[in-house]
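Per TrEMBL, GTP binding site is recorded for A:11-18, A:36-40, A:58-61, A:122-125. The feature Mg(2+) 1 binding site is assigned by TrEMBL to A:N22. The Mg(2+) 2 binding site annotation in TrEMBL covers A:T25, A:G26. The feature domain 'FeoB-type G' is assigned by TrEMBL to A:4-171. Summarising the annotation, TrEMBL assigns transmembrane segment to A:279-297, A:339-359, A:413-439, A:445-473, A:511-530, A:636-657, A:678-699.
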Amino acid sequence: MSKQLNVALIGNPNTGKTSVFNQLTGLKQQVGNYPGITVEKKEGICKLPRGVKAHILDLPGTYSLNASSLDENVVIELLLNKNDKDYPDVAVVVSDVENLKRNLLLFTQIKDLHIPTILVINMADRMKRKAISLDIEKLEERLETKIALVSSRKNTGFDKLKELISNYKTLSIEPCVNASVIAPDYFNRLRKAFPKQDLYKLWLVITQDVNFGKLDRNEMQSINTFQTESKSNLKRLQQKETIVRYQFINGVLKETLSIDHLAAKDLRSRLDRVLTHKVWGYLIFFAILLLIFQAIYDWSSYPMDLIDEAFAAMGEWVRTTMPAGAFTNLIAEGIIPGLGGIVIFIPQIAFLFLFISLLEESGYMSRVVFLMDRIMRRFGLSGKSVVPLVSGTACAIPAIMATRNIENWKERLITILVTPFTTCSARLPVYLIIISLVIPDERVLYIFNLQSLVLMLLYLIGFGTAILSAWLLDRILKIKSRTFFVIEMPNYKLPLFKNVAYNVIEKTKSFILGAGKIILAISIVLWVLASNGPGDQFTNAEENAIARMDSGAFPQEELDKHIAAEKLEYSYIGYMGKAIEPVVRPLGYDWKIGIAIVSSFAAREVFVGTLATIYSVGSDEEETIKNRMAGEVNPILGGPLFNLASGISLLLFYAFAMQCMSTLAIVKRETNTWKWPVLQLVIMSGFAYVVALVAYQLLI
Amino acid sequence: MSLKRNQLLTSRQALEDLNLDYRVKSFHICCISFTFALFKFNLNKLTTSLDLLKRGEKAIIVEFTLDMVPLKLLEMGCLPGNEVELVQIAPFKDPMYLNINGSHLAIRKETASHITVEKLSQ
Ligand SMILES: Nc1nc2c(ncn2[C@@H]2O[C@H](COP(=O)(O)OP(=O)(O)OP(=O)(O)O)[C@@H](O)[C@H]2O)c(=O)[nH]1
Ligand SMILES: [Mg+2]
């Protein structure tokens, strides 16, 4: 009894597997109206009637058991490997009532593997609107299965589904279509050669091009000798198999399903006429992008100011109410400003996630893929690369994972390599603070805010560089792979508020927590380094400053500032900064910015927090991060340290440099070699340095 | 009209090269232009390749070059005998947004050119 009950959710992309999964397990995995949202296995536990617990597996969508992209492969590998710890005791095939015919193809294939199978017909809430009626009993009989008609949105039908799962032992494991009818002789020979093996499984192994990691190698070898049929012959047989299956499905559905086609003609075609139009389609797409930037810049500035002030006040409060000492200083000067440097960006990041989530949930994303495919192909990318590039504006990590549904390896690799150029939300804090310091807050053409235009320009630079480097890579990389491209265009759906809200909250939370941990650690380390120093220079900083300035001539306030500056200069961090300084000086930065840049190689968003910590060690008053930065003076040239030249140079540096450990780790995982992440790190950062250098030297 | 005359002229020339008797020739010319016209009629009115469809037109899939069409497309319903409608085209007719047998999907023009269809009259 120790073995748990394994349940796998399998089905075509976008049929609502993850929605069903969330309903069964109470988890909140990401749901979206775009085929290919889920790209890896996700696990959860579901309580069944009579105290049984089931281990539920959410899988990427696949159209059939013949994989043509990496995410689909996950499913096939699982189903062909009986020794896998997740090998399902029962397969739950999730289908969409509006696409039942196509969804049943996969169902009949899985039945052929002799796995106990339940059919879930999801989206029951849409049946009325589309005038669909189903004869469930007859369907169950013809398909030799049990059916649960559910709606994940309305949460109906799940009790029956749980009941069916817990009674899985009573399910029939007879196939409903037998693949062997397509070539009886061939299949007979197979059966004789491998009497112990499942026939359909053998057939799948023979016909797949893909590599089956965990399948027994020896077994594979002997099967290979069976590949006497030529490739095109095999494909002909596969076509025949598909036809046979559809014949069966058509026959079944004719008896059990009726759709009023007039009622089905609807919103979709009207919306598509505009949204995928040759001219309007593109205009609308760009208008949406513009709206997003406006929202990020203009609308979120109010909550941001509030947060900024709140953190400044909090630091001040800690300083005045807690007993003075090193610990208070650590909190007031190290941790609070460091965290404030990231919390302040919650409104923007939430806005960004909100828009991306809305684009995905409405079904619009596939239309963008359609509109952009031709253009992207010019640059060696696929229309499907648009999704990583757009969601890369939130974070490169999920974006790189989202490339898994690109069928062509070369297009996929190029997409992975260029995605980090898109302006991710971690760059946003850096951009925003620098823009607000060096770009005047004016209106151009009465409506556009100059600062938000510059921000938009930076996003465009990110996209532009991504696309140009894709073009270069397309020429350089010598990888032969046949292109093909099929994308499903899902129905438009009114985004479900709950899904969108979960999405925004979960993602913002994980962004803040992820960044928060790094920032907390770094700001503590920085604070320790900044408030201690080696040797007499540091300990005597106070006397030295007073002596040098010929006291009395200056007000106390001025004097304090100089003492603090002197201390910082001779602290550990000061020495380290000085060592870096020669490298960053030509770009117009001082050693403090140098430290901030180095620490942001862990993660970009650390930049603002680092500066905030360093600066607050050097001052005593309650001040916002921005005011502190504005007050910094260039030690050599005089004048504000953050001026147009150094500001632009910094912006460009952050636009191009590869400063994210987690992205590098993901690229390594997705490409299976260190070669690509290392190249990314070296080339992107080198390029960033050169561009920043040129920009500063030209502007100064 | 003028097009037909041109065809006639070129075929006449071709026959003159063969040095045939004039009467035989004229009979041949008739035959050739007739078959030509029939062929053209077939080409224009009935069978064509999928990428030549116009927006909003419907057709029945006849056959395709199996090696050039991905299996995934077949599994999504692109099989001989099924109906296909061209819903929308991007600039340069690439990619093409189709409704195949109730499945809405987009494919590239290149793939579409390997699929032969028979147009349905509106
Ligand atoms: N109307 C309606 N929409 C639903 C229902 N279940 C899911 N959806 C929507 O269908 C879309 C796809 O849902 P997902 O759960 O992400 O589908 P999936 O099968 O996991 O998709 P992939 O992971 O991309 O293969 C989302 O927009 C859901 O909101 C339902 O019962 N009714
Ligand atoms: Mg999913």
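First residue shown is number 1, and so on along the chain.
The backbone N, Cα and C atoms fix where each Cβ goes, glycine too.
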When distances run from the Cα of A:I37 (GTP binding site) to each of the binding-site residues A:N22, A:T25, A:G26, the nearest one: A:N22
Reduced DSSP assignment, A:G11 (GTP binding site): strand
Candidates near ligand 1 among the binding-site residues A:N22, A:T25, A:G26, A:E40, judged by a Cβ under 6 angstroms: none
Recorded stretch, among A:339-359, A:445-473, A:636-657, A:678-699, maximising Cβ pairs under 8 Å relative to the transmembrane segment (A:511-530): A:339-359
Where the residue listed as 'Mg(2+) 1 binding site' falls in three-state DSSP terms: helix
Other parts of the chain folded back onto the transmembrane segment (A:678-699), taken as Cβ under 8 Å at six or more residues beyond its ends: 417, 420-421, 586-588, 644-646, 648-650, 652-659, 664, 667
Residues that sit under 8 angstroms from A:P60 (GTP binding site) by C-beta distance, when 6+ apart in the chain: A:P13, A:G36, A:T38, A:V39, A:E40, A:D71, A:E72, A:V74, A:V75, A:R404, A:N405
Candidates near ligand 2 among the binding-site residues A:G11, A:N14, A:K17, A:I37, judged by a Cβ under 6 angstroms: A:K17, A:I37
Rounded Cα separation (Å) that holds between A:K17 (GTP binding site) and A:G26 (Mg(2+) 2 binding site): 14
Surrounding residues of the transmembrane segment (A:413-439) on its own chain - C-beta under 8 Å, 6+ positions past either end: 296-297, 341-342, 344-345, 348-349, 352, 380-382, 385, 388-389, 392-396, 399-400, 403, 406, 450-451, 454-455, 458-459, 462-463, 465-467, 469-470, 473-474, 477, 479, 511, 515, 600, 603-605, 607-608, 625-626, 629-630, 642-644, 646-648, 650-651, 654-656, 658, 660, 663, 667, 670-671, 676, 679-680, 684
The residue listed as 'Mg(2+) 1 binding site' versus A:N14 (GTP binding site) - Cα distance in angstrom: 14
CB within-chain contacts under 8 A for A:G26 (Mg(2+) 2 binding site), separation at least 6: A:G44
Whole-number mean of pLDDT values that fall within the domain 'FeoB-type G' (A:4-171): 92
Fewest other C-beta atoms within 10 angstroms, as judged across A:N14, A:N22, A:T25, which are the binding-site residues: A:T25
